[in-house]
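Enquirer: My questions will all concern the structure given below.
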């Protein structure tokens with residue numbers, strides 16, 4: 001499209017403003033973690049690294065971090081298995097309920113988290129508690145995996161769609177059996193999509209707060225829950241600032257890896 | 001050859017042969033685990049939730065009474081508070097979606113069609129990275145901006161103005177910020193996929209850029225916008241955390257569900273059906289545009 005020079009400049013300026021709006025709040029969090037004053041008034045009176053030292057020693061934050069990592073690993077593992085299986089089934093076969101299945105996979109992420117959360121909470125309490133399985137890390141993993149499946153599924157199916165079926169046929173013509181063709185041909189081709197999907201699933205689980213609130217029970221605290229419950233306490237405010245700043249810096253890693261591993265991952269986010 | 005092959009390899013080969021001849025068996029092996037999970041853990045839970053919407057709560061003991069009734073739904077429809085909150089929530093979700101489209105469009109247009117091709121992948125990463133910054137951190141950042149004496153008040157004070165403070169406006173602002181990347185990305189992808197030849201053809205036929213935009217770009221882009229709107233709309237409709245952080249006294253449907261869960265689960269469940277019904281209708285409508293496959 002031939003755009004006039006003023007139009008291009010206007011769009012450029014609008015884009016710059018848009019990017020500024022995206023990034024300014026994140027930088028503000030970083031600056032505020034160095035604010036010696038406990039209040040959030042602007043501008044900060046000076047710079048201090050004291051809160052970073054305090055956060056490093058905070059047992060609550062560390063414990064929550066470990067819980068988040070465990071939940072993320074568990075949910076990612078389950079999502080990788082389930083998402084890959086569904087992607088293969090939907091891409092390679094035509095069967096009754098195929099459309100419905102692809103709809104149900106998207107549903108946990110398309111429905112508001114609070115609905116998923118309350119539903120899982122009700123189910124866990126009525127079905128699992130009589131068996132002595134209380135709300136805790138296990139139920140958090142189940143809850144997270146349910147909506148992480150879709151991320152893996154999307155990455156794998158996007159890769160399968162672009163991968164010609166003839167590769168596998170060729171392998172089989174050359175005498176490879178189903179397993180052999182999978183291990184030597186298909187798997188290497190989908191591996192990077194799996195890594196990308198896994199990274200995104202992990203990041204999604206790591207950040208999730210609503211479903212976690214309803215599936216965690218009183219004794220399990222993930223990092224988002226820890227932040228949320230300490231946000232309102234003035235005494236904890238500086239440590240929360242630092243943890244928030246660390247999360248901003250860390251969030252770059254999974255997205256960087258996912259981008260490098262897979263170009264299908266242009267769709268990010270919850271999908 | 002087959003005599004020297006280890007027994008395990010032999011079994012594997014026979015199994016592979018069986019699987020190859022029987023695709024139905026392959027399919028059922030693929031689907032057993034995911035279907036069990038989705039049906040038991042997810043659809044089962046949703047069903048349990050909807051069933052409990054038809055139960056009631058004993059007002060004295062707060063125990064759930066498992067007798068089928070439509071009481072909760074009658075309450076929802078008859079009390080003005082619930083209607084107001086539901087309407088406000090839908091209004092907020094629509095406003096957030098609309099503002100997201102307006103902001104996302106120039107950003108996506110710039111990254112997909114104006115920026116030099118060398119910079120485009122970098123710009124996409126620049127959009128994606130904040131998407132993965134923690135939800136809470138982003139809401140928290142806005143708490144710092146909107147707080148009394150915070151950044152916005154400081155910026156506006158030379159003009160003799162105050163920021164909006166915490167409330168409904170702040171809620172819409174923060175939700176827009178949180179979900180904006182979900183709108184930018186699909187629009188960017190949609191714009192990127194429009195072949196140059198189509199746009200050239202339009203201008204060869206005498207269309208100015210405004211006309212090309214209306215008659216060529218927009219129709220192609222509609223599924224992308226619809227896909228983005230699924231997220232901005234649904235995520236806004238169900239949110240209650242951002243509302244708690246910057247909403248002041250604002251109540252959205254998520255807050256009502258949350259505050260009823262411990263005392264009156266059946267009512268909370270009935271309230272929960274409202275966003276579900278709205279979103280399923282929305283998804284079914286959007287599916288016609290082909291948006292779900294570009295999610």
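Start at 1 and count along the chain as shown; that gives each residue its number.
Positions of Cβ are set from backbone N, Cα and C atoms, glycine also.
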Enquirer: Which stretch does TrEMBL mark as transmembrane segment, out of B:2-28, B:29-55?
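Expert: Checked against TrEMBL: transmembrane segment maps to B:29-55.
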Enquirer: If TrEMBL is the reference, give me the range from B:165-185, B:186-206 marked as transmembrane segment.
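Expert: Based on what TrEMBL states, transmembrane segment spans B:165-185.
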Enquirer: Looking only at residues six or more beyond either end of the transmembrane segment (B:220-245), which have a C-beta under 8 A from one in the stretch?
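Expert: Residues packing against the transmembrane segment (B:220-245) from afar: 89-90, 92-94, 96-97, 100-101, 104, 135-136, 139-140, 142-143, 171, 174-175, 178-179, 182-187, 189-191, 194, 198, 251-255, 257-258, 275, 278-279, 282-283, 286, 289-292, 294-295.
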Enquirer: I need to check the long-range neighbours of the transmembrane segment (B:265-285): which residues 6 or more away from its ends have a CB within less than 8 Å of a CB in the stretch?
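Expert: Result: 46, 49-50, 52-57, 64, 72-73, 75-76, 82, 86, 89-90, 230, 233-234, 237-238, 253-254, 256-258, 292.
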Enquirer: Between the stretches B:29-55, B:122-145, B:165-185, which wins on the count of C-beta pairs under 8 angstroms to the transmembrane segment (B:85-110)?
Expert: B:165-185
